[in-house]
Amino acid sequence: MKTEVTENIFEQAWDGFKGTNWRDKASVTRFVQENYKPYDGDESFLAGPTERTLKVKKIIEDTKNHYEEVGFPFDTDRVTSIDKIPAGYIDANDKELELIYGMQNSELFRLNFMPRGGLRVAEKILTEHGLSVDPGLHDVLSQTMTSVNDGIFRAYTSAIRKARHAHTVTGLPDAYSRGRIIGVYARLALYGADYLMKEKAKEWDAITEINDDNIRLKEEINMQYQALQEVVNFGALYGLDVSRPAMNVKEAIQWVNIAYMAVCRVINGAATSLGRVPIVLDIFAERDLARGTFTEQEIQEFVDDFILKLRTMKFARAAAYDELYSGDPTFITTSMAGMGNDGRHRVTKMDYRFLNTLDTIGNAPEPNLTVLWDSKLPYSFKRYSMSMSHKHSSIQYEGVETMAKDGYGEMSCISCCVSPLDPENEEGRHNLQYFGARVNVLKAMLTGLNGGYDDVHKDYKVFDIEPVRDEILDYDTVMENFDKSLNWLTDTYVDAMNIIHYMTDKYNYEAVQMAFLPTKVRANMGFGICGFANTVDSLSAIKYAKVKTLRDENGYIYDYEVEGDFPRYGEDDDRADDIAKLVMKMYHEKLASHKLYKNAEATVSLLTITSNVAYSKQTGNSPVHKGVFLNEDGTVNKSKLEFFSPGANPSNKAKGGWLQNLRSLAKLEFKDANDGISLTTQVSPRALGKTRDEQVDNLVQILDGYFTPGALINGTEFAGQHVNLNVMDLKDVYDKIMRGEDVIVRISGYCVNTKYLTPEQKQELTERVFHEVLSNDDEEVMHTSNI
């Protein structure tokens with residue numbers, strides 16, 4: 001039953017909350033600043049799982065296992081909707097079993113039909129699973145709906161099409177939804193939909209000047225308003241009135257889940273992240289604990305139920321998508337801890353409760369648990385986080401100080417994998433992201449050396465450029481050629497991105513996510529790089545060794561020979577690391593020189609997900625690695641293929657220990673890659689110390705060093721931004737991975753159960769460096785005086 005949302009309702013909901021600057025204008029950021037309580041204690045207060053929780057968990061796991069054997073159910077006769085699809089339950093015969101309601105579909109693990117990104121893609125997914133869309137629905141959609149994919153390919157230039165065909169610019173969100181937008185879903189809990197709708201209406205009325213930008217903005221606000229009404233309707237399916245604010249922590253969690261699941265019902269973006277939720281929920285929890293409304297056991301049970309709901313989220317995906325994002329990730333990235341501008345840390349009890357779910361309901365890839373790390377966080381929390389990483393290898397860490405230098409504020413969160421966002425940033429920066437996947441910079445360089453002819457398919461001309469004809473490659477000549485190749489690559493990439501995001505806003509605008517954001521926002525446009533380490537190492541080999549080109553009778557370069565030694569990126573050698581910084585600077589500056597859609601800000605990520613494997617299979621030989629080549633019959637030969645390293649990782653051929661890797665990455669300028677610099681690391685427990693306590697303590701010290709400016713490299717301000725931390729021995733997990741058993745590991749930017757990886761991806765994972773020593777320097781020290 002809907003409640004009339006009066007002033008009395010707000011007084012009741014906000015009773016005991018401090019401050020006024022968040023009451024008259026929606027701002028979870030200001031609310032948190034006035035009300036959160038830093039927690040300096042340890043994990044001893046935590047509660048374990050209840051029998052009810054374990055029963056719900058078993059139903060979810062059994063249902064998923066069943067569908068993995070027989071196939072998941074798909075909607076084939078209805079288009080997805082926030083409020084037109086009936087309520088779903090974990091067990092339809094025992095609805096009271098659940099504490100937190102709201103599911104993606106009317107049945108557990110039934111997959112929604114989402115054609116607005118591309119009808120052909122949505123129907124192909126069904127075909128790949130032996131199904132087909134209802135003929136009547138197909139006729140209606142094909143005759144009346146323009147999809148994002150339709151719009152994009154109407155506008156794509158010939159240069160973009162050539163680059164896509166060559167797989168130099170590929171994997172872009174032109175055949176799947178873009179994702180990476182994070183609504184501030186706690187707004188629904190704090191204010192209720194009625195408040196948010198009235199605020200949107202006022203902002204719509206305030207726009208009086210009619211021009212192109214304002215016409216579009218007025219329409220978008222209207223769509224956001226309608227989406228909020230659909231969220232109210234969605235809640236009503238479960239007998240919940242989310243038009244009003246939440247009254248306690250259980251309702252706060254419930255309201256957040258309704259907001260988030262409303263998004264998941266209609267938006268299948270490449271990343272659907274949760275944002276900075278724990279700290280807000282903690283404020284409600286602390287009030288309820290003080291009042292005696294709920295016990296610690298009850299609050300943990302609410303959190304467990306919420307996390308179990310998040311783990312039910314699943315999208316229908318095409319096989320081509322799975323090659324780029326294997327393991328079926330949903331990137332429900334949940335950010336916690338961090339520092340406030342006033343010098344107080346932002347660790348709360350709720351952060352512990354979220355991490356505790358790895359024990360209470362078991363280790364799992366989702367949600368993507370992310371700790372915003374600073375050396376000034378309480379040691380008890382840092383140690384607890386490291387002990388959970390040591391046990392589970394399913395938490396990632398992001399450096400607060402590094403990100404703050406580029407304007408990411410105290411309520412910043414992580415989108416998808418490693419990309420920081422600041423959704424309520426009042427200076428109009430970093431509010432959301434226009435996602436752009438990544439392009440193959442190494443392939444562009446190799447193609448440029450061959451005069452614009454593809455590095456695998458030598459008869460295919462991708463772009464116009466003079467070839468490098470030298471037998472022995474000269475560094476300055478190669479860099480001049482590479483600079484021109486980067487001009488072509490970035491020009492083409494920007495054109496594709498501007499088209500993609502224009503058409504996404506036009507044909508599949510994410511109104512429900514945008515409804516939980518400030519009305520006036522500015523986006524980051526996230527450009528990415530693949531093949532980074534091999535590009536840097538190739539340039540280093542050309543500069544510091546002797547690189548000879550091997551050519552066919554037409555002068556086409558098909559391979560390279562290297563004589564002499566050269567430094568590699570990842571060895572803490574400034575000669576190579578300076579080249580890495582130069583490549584990043586060149587790439588970012590070229591992108592930033594362009595006019596971007598809606599005045600977005602150009603950002604760059606060194607992140608690959610599992611696409612490093614896919615891109616490796618599309619790239620020929622370089623001076624530092626073996627790629628693919630064509631057989632006489634024109635098929636691609638992968639027999640000698642060496643996979644790209646993921647993200648910002650150094651090549652597996654780089655010498656040195658973990659600390660040398662960390663130093664090389666810390667030298668990269670975050671301003672040139674402020675969409676994320678992803679390091680995925682595997683370190684043996686034996687490398688960290690003899691006892692578990694010693695290993696955990698050393699992990700704390702190493703992360704403090706990596707994320708504190710100057711701590712790893714004395715006399716500098718260098719610091720890292722991201723670490724995917726796996727604490728494991730390869731020999732302990734190799735057989736399990738290859739047999740397809742459950743092994744949870746962190747890969748480039750997310751967490752995956754390795755049983756869902758392809759054989760090639762499993763091979764690449766096990767070929768990565770598993771550090772058995774911290775350093776190849778016996779005199780190694782971290783400058784802990786700087787921490």
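Glycine is treated like the rest: Cβ placed from N, Cα and C.
Here Swiss-Prot flags 8-629 as domain 'PFL', drawing on sequence analysis.
The annotation active site, S-acetylcysteine intermediate is assigned in Swiss-Prot to Cys416 on the grounds of similarity to another entry. Cys416 (active site, S-acetylcysteine intermediate) counts 29 other C-beta atoms within 10 Å of its own C-beta, drawing on all protein chains shown.
Of all Cβ atoms in the protein chains displayed, 29 besides its own lie within 10 Å of the Cβ of Cys417 (active site, cysteine radical intermediate). When secondary structure is read from DSSP and collapsed to three states, Cys417 (active site, cysteine radical intermediate) falls in the coil class. Among the features that Swiss-Prot reports, active site, cysteine radical intermediate is placed at Cys417, with the record citing similarity to another entry.
What Swiss-Prot records for 645-774 is domain 'Glycine radical', and it gives sequence analysis as the kind of evidence.
Secondary structure from DSSP puts Gly749 (glycine radical) in coil. Residue density at Gly749 (glycine radical): 29 other Cβ atoms are found within 10 A of its Cβ, drawing on all protein chains shown. According to Swiss-Prot, the glycine radical annotation covers Gly749, on the basis of sequence analysis.
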Could you state the CA-to-CA distance between Cys417 (active site, cysteine radical intermediate) and Gly749 (glycine radical) to the nearest Å?
4
Find the average pLDDT over the domain 'Glycine radical' (645-774) in the predicted model and report it.
92
How many of the residues that make up the domain 'Glycine radical' (645-774) does DSSP mark as helix, as strand and as coil?
55 helix, 20 strand, 55 coil
Length of the line joining the Cα atoms of Cys416 (active site, S-acetylcysteine intermediate) and Gly749 (glycine radical), in Å:
7
